[in-house]
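Here is the structure we will look at, set down as structure tokens.
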Amino acid sequence: QVDAVRVYVNSSSENLQYPVLFVVRQQKGVLSWQVPLIFRGLYQRTYNYQEVSRTLCPSEPAPERGPSDQVIFVDVASMAPFNIAYELLITRLESFQLETNKAFNFTASPSQPQYFLYKFPEDVDSVIIKVVSDAVYPCSVVSVQDIVCPVYDLDHNVEFNGIYQSMTKQAAITVQRKDFPGEQFFVVFVIKPEDYACGGSVPSSMHGNVNRTWNLQRTKNLQVTIEPSIKKSVYIQAMFFSFLSFLSFYLGSVVVAFVHYISTDMQLTVSFGSVSVSGSGIMTSSHPITASTPEGSSYGAIDESSSSGGQQLCSPELKPPAGYDTDSSVEEESDFDTMPEIESDKNVIRTKVFLYLSDLSRKDRRIVSKKYKIYFWNIITIAVFYALPVIQLVITYQTVVNVTGNQDICYYNFLCAHPLGVLSAFNNILSNVGHMLLGFLFLLIVLRRNILHRRAMEMKDIYTLDYGIPKHFGLFYAMGIALMMEGVLSACYHVCPNYSNFQFDTSFMYMIAGLCMLKLYQTRHPDINASAYSAYASFAVVICLAVLGVVFGKNDVWFWVIFSMIHVLASLALSTQIYYMGRFKIDGPDSDLGMFRRAAMVLYTDCIQQCSRPMYMDRMVLLIVGNLVNWSFAVFGLVYRPRDFASYILGIFICNLLLYLAFYIIMKLRSSEKLLPIPLFCIVATAVVWAAALYFFFQNLSSWEETPAESREKNRPCILLGFFDDHDVWHFLSAAALFFSFLVLLTLDDDLDTVRRDKIPVF
């Protein structure tokens, strides 16, 4: 048992020019202070205390000598030309060493800090120090320091050594035996003279003697409990659980693929019984098939003049060759149609009241497919250039935390932050493995579909040419990469979560939501979807706005006015392009006034003359609802100016995606199309898993919108395997939810594979 001595002094003198100086000399150190003891705050405010109590650095008896007397010298001096009365009291601390799993209560104040000793038991490698208080204020600091004299236990020097946290009602510090060679440490408790560091009121700037405060009563009752942390076996169990949980998705995918293979084989057997192929290369079928157009002139076009009747012939000479789906170095991605007459023709086709998929899938398939593959290669380039600086930055953050000991830099859930190596919260990083594993699994599923489609093209399967949704997989590959990168960047963010790097966690969320909307639109608008360059440029603008929001979005009204205007104008511009299928152009052949005349004409004909019945009713309903939602977001941001700007933008993306997906499914059902069992299962699974995930997301275990001390009030213990907290469960479930969401987009229109494109409506 280690003995400690506490020195209490008191002086009635208020003369700051002639303080009483106390110097305590021990065998291994010297401790000194003055009375009145002065603490400095903001705006040069001073807080003076006439009562001071300090614990002397204890001397542990040598084992070979046994107990021995310790000699302490206390020197009292003052330069005052007059006598000053003081009181000196030295007491022996009965409870100086803290015990494992035993709560200890005490009181501290700015001029009377406390610290205690803790020794690691033999079978414990790490412990968690839990400190609680019933009162929010006064603001306090909890520090863990090595057994070195002197102990830094005043407000101005407590941050000089060890690990420390600010605290209001709750604090938690995980300490590992390997960090303390002596297998023991001091737990120091300091009360700050002001509360602004913990979110309290900031003192006003005053001048003169009013800026001095004497003997301010700032005592705080605290309770400290030191509990053993988890063992290494729990780390291993958590890692096995994380990987096996998501590897089960791989097993399920293999089972589904096998069942699909068996069912497809049976369907082929049945179909060959009703289709015969003659030696002359003419295929006859019991179903009417429209003749395909020559290669290179139109892709998936339907000859409307011959669609009314008769059995059509499909000549092999008119079909694409076996290597139709391959890329050629001669072919370049272009936004222009390959048919000379299609530029004038598409202005007529795309403005028809009732559009079908054949009207919007007229371009050469090789050119369109190459165009969408650019999404995949571009996102890989973006991911590399974006992720490398992020990784470097968060490593720097973690290094600063480890070197300085300042645990106010990062907003962890300290009651469930399990360190591993240099990482302070390994559990928050491990829980992101699901995004990477499921993203890679989605890439494999898309690759399988792509291979099956290529084989069907090589077999000259008629259904791959004129039937079903055109198969372009570039956006799906990009979505898989985005899901994997979301896991990487979310893990980077959780290395040291704070206000500055939250944008790392959300950047690829924007891209995922945007790519999903583009894929949904591309399904029935393959010829007029945005190019990869314009799409990623738009994402870059969004991320730039997110960065500006982090810097200026706190209190600057001008930023929110500009952003709201950009948001509303962008919504209107995008709505116009969607409504007119990309054929709306404001230009005038005669003069600059022509564009205003055209805009006025469009406004009059489409909005005034046909206000009761727009030309494209379904599109109009979607766009009206969509604009109302986006304008509501703009007004909300302008009025409330949320501090979490990144989540605000993400909410805009998610709401627009959900609105468009709901519209798409409703229109699909209205068009008498079916939902096959697999997409129906994926839709139900997506809804259920997202609901569960959002429940855990809104638990709010920490918040960098508040001070670190206030954020720690929200901290809660682990809920899964004693290793993962609510936010980790959110990571697991959100990864699964995103995976199912991607599968919905991948399989939603599988029922149309045997439907002619001139029978598939566009909406």
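Glycine too: its Cβ is placed from the backbone N, Cα and C atoms.
Because TrEMBL annotations are produced automatically, they should be read as predictions rather than curated entries.
So that you can see what the record holds, here are the features copied from TrEMBL:
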| type | residues | note |
| --- | --- | --- |
| COMPBIAS | 304-314 | compositional bias 'Polar residues' |
| REGION | 290-314 | region 'Disordered' |
| TRANSMEM | 238-262 | transmembrane segment |
| TRANSMEM | 375-395 | transmembrane segment |
| TRANSMEM | 429-447 | transmembrane segment |
| TRANSMEM | 475-496 | transmembrane segment |
| TRANSMEM | 502-521 | transmembrane segment |
| TRANSMEM | 533-552 | transmembrane segment |
| TRANSMEM | 558-580 | transmembrane segment |
| TRANSMEM | 620-639 | transmembrane segment |
| TRANSMEM | 645-666 | transmembrane segment |
| TRANSMEM | 678-698 | transmembrane segment |
| TRANSMEM | 729-748 | transmembrane segment |
Contact yes or no, the transmembrane segment (645-666) and the transmembrane segment (502-521), 3+ Cβ pairs under 8 Å, gap 6+
yes
Sequence-remote partners of the transmembrane segment (238-262) [C-beta within less than 8 Å, at least six residues beyond its ends]
427, 430-431, 433-434, 437-438, 441, 444-445, 448, 678, 721, 723-724, 732, 735-736, 739
Contact check, the transmembrane segment (533-552) vs the transmembrane segment (620-639), 3+ Cβ pairs under 8 Å, seq sep 6+:
no
Please give the sequence-distant neighbours of the transmembrane segment (729-748): residues at least 6 beyond its ends with Cβ less than 8 Å from one of its Cβ atoms.
242, 245-246, 249, 428, 431-432, 434-435, 437-439, 441-442, 445-446, 449, 476, 479-480, 483, 486-487, 490, 512, 516, 519-520, 523, 661, 664-665, 668, 675-676, 678-679, 682-683, 685-686, 689-690, 692-693, 696-697, 699, 719-720
Which sequence-distant residues neighbour the transmembrane segment (375-395)? Criterion: at least 6 residues beyond either end, Cβ under 8 Å.
474-475, 477-478, 481-482, 485, 488-489, 492-493, 495-496, 501, 504, 507-508, 511, 515, 532-533, 535-536
Long-range Cβ neighbours of the transmembrane segment (429-447) (under 8 Å; 6 or more residues past either end)
238-239, 242-243, 245-247, 249-250, 253, 423, 473, 476-477, 479-488, 490-491, 494-495, 724, 727-729, 731-732, 734-736, 738-739, 742-743, 746
